[in-house]
């Protein structure tokens, strides 16, 4: 007769996984963020009361910063660097920044490249299809202010003439690290301003 999975042979110890410790900092040997004042306050409140008290706006803001869905509006060479952000080396999804194909499912639009006068109405149309609250990151010199083509008759001298911009990422083209820093700044801005007031 074979023992069932709930029965163990005499003297054998059941296999029990050790508790999760998180990501260990090799310099200190402690979990990353163990000294963070925010987490210390959360742990203190949970150990005192057994539950956590927060305002609804804080909860919505926390959820929104950790689940930003972005769509690309790639117009030129900066879009190649934007694609690199989703590759394994940078992996923007670990920050809760996941790509979407439809503007109706997106919170953030990244405008990357030279915006021409003919493309400006399309940019505005896509922006208007995004649900509120919506954010725009302008990536690269051309999107920020016309860049190399600033004096061309067919170029819009900055996307902020068409849609409101929340974060400007400079560079020609900006690196994936610069764009990732812009994403983190946007998350910080959302935490600071909230979503209900916007």
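Just so it is clear, glycine is given a Cβ too, placed from its N, Cα and C backbone atoms.
Positions annotated as [4Fe-4S] cluster binding site by Swiss-Prot: 77, 78, 142, 172. Annotation note: residue 77 ([4Fe-4S] cluster binding site) sits in a coil segment as assigned by DSSP. Non-local contacts of residue 77 ([4Fe-4S] cluster binding site) by the CB criterion (under 8 A, 6+ apart in sequence, same chain) comprise 113, 173.
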Three-class DSSP secondary structure - residue 172 ([4Fe-4S] cluster binding site): coil
Cβ neighbour count (within 10 Å, all chains shown) around residue 142 ([4Fe-4S] cluster binding site): 28
Neighbours of 77, 78, 142, 172 excl. site residues, C-beta within 8 Å of centre, [4Fe-4S] cluster: 76, 112, 113, 114, 139, 140, 141, 143, 147, 148, 171, 173, 174
Among 78, 172, which are binding-site residues, the residue with the most C-beta atoms within 10 angstroms of its C-beta: 78
